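Visitor: Got a structure here, written out as structure tokens. Questions coming.
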Amino acid sequence: MATVVPIAYQNTSASTPDWLNKGDNAWQMISATLVGLPERAGSGNPVRQHREEEVGRELGLHGPLRLRSGGHLLGPALGQKFLIAQAALPATTHYHHNGTLETAMATPYYPMASMVWFQCVFAAITVILLAGSVLGRMNIKAWMMFVPLWLTFSYTVGAFSLWGGGFLFHWGVIDYSGGYVIHLSSGIAGLTAAYWVGPRSTDDRERFPPNNVLLTLAGAGLLWMGWAGFNGGDPYSANIDSSMAVLNTNICAATSLLVWTWLDVIFFDKPSVIGAVQGMITGLVCITPGAGLVQGWAAIIMGILSGSVPWFSMMIVHKRLPWLQKIDDTLGGIQFLKQIVGGGFVIGWNLVVTSIICVLIQFVIPLRMSDEQLRIGDDAVHGEEAYALWGDGEKYDSTKHGFYSDDTIHHKTSSGATQVV
């Protein structure tokens, strides 16, 4: 008896080729959108009020310059013929030493347009993570130069080496969803850039309260939800692997959040909302390299480690070692050896390339904002304030060191009171 194919799965138009799997395509686009959601929301960064506007602006400027991990510029990849063809990761066929096939080229059952979109948001979130290390003092014009250069000469190299069929992939180094390509590269590059840009102003370092704890929580929630797409979309299909990845992601993040909060209560007698968010983020980062590879109990162990080791390094070690404070950063067997070597390559490449980029930019434009701009904040850089909850429309007069509105200058006296002249 002939099999009746449901209308929804019949090829009813030219936009539904034989190889298209509607479920896989839907999940891949949803995953990419979930990853992009916290990017557009600014991730609820816990920064001071006069830096909030700067966050949104800086994180939105790199959009047109993103690269996809296959090593192709996004611009030339926008041709219709390329985008509507079946997705395929370039040069990813992996052979055994004797020449027999080990891993075939990945050819998901959806168009290249879905793959390009998915890789775009991965490149974007890497730059966002890096931006947190230099937020509040890097010159916005220097940042605009830094982003395309770093994406081209640093991110793309690491991504292609591991995901696009490069030498680390063929050697057997595993990066399930960006532990090396995204988190290690952005961390090392952020640390390096923070060194070249220099620390924040003294006032910002001594007192840096969150701009808005409620917005931070909202951003953290979006980030956590977005991570389901981050790890769940990396099998490139809606399969069992993606289900395990999403589950392990939530297990590890929840465990890490609880451990960080427990440590805050045990050592500081009170839970911290910002601490809980930090624990959540370290858990998400920790599980990413193996989200679809480990068992549930392993995800719990990883959560315990990600909630305790970073807590100890941030809350104890960093405060006791003066040399660490000079760099101001605002956020089995042979396989183990391969992972170490792969990580070493990513670390070394980002250290060298990021340093070269920063040095070159310094010849064109200062990397760091001036002390006057650092003191004023958004009004100096953009002419706008993130929030004008009082004194709407007031502008800052740098010559008179005060805010003015309708020819009225407001000075702060030594006692903190406002003097009107």
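All positions are counted from 1 along the displayed chain.
Using the three backbone atoms N, Cα and C, a Cβ is placed for every residue, glycine included.
Source: prediction; values computed, not measured.
Annotation comment: TrEMBL describes 107-332 as domain 'Ammonium transporter AmtB-like'. Feature annotation from TrEMBL assigns transmembrane segment to 115-135, 147-174, 180-198, 210-230, 242-261, 340-365.
How buried are these features, and what lies next to them?
Guide: In the predicted model, residues of the domain 'Ammonium transporter AmtB-like' (107-332) average a pLDDT of 86.
Beyond the transmembrane segment (242-261), the same-chain residues lying 6 or more positions past its ends with a Cβ under 8 Å from any Cβ of the stretch are 27, 176-177, 224, 227-228, 230-235, 271-272, 275-276, 278-280, 282-284, 286-288, 290-292, 294, 296, 298-300, 302-304, 306-308, 311.
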Visitor: Go through 115-135, 210-230, 340-365 and flag the stretch with the largest number of C-beta pairs under 8 Å relative to the transmembrane segment (180-198).
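Guide: Per the Cβ count, the answer is 340-365.
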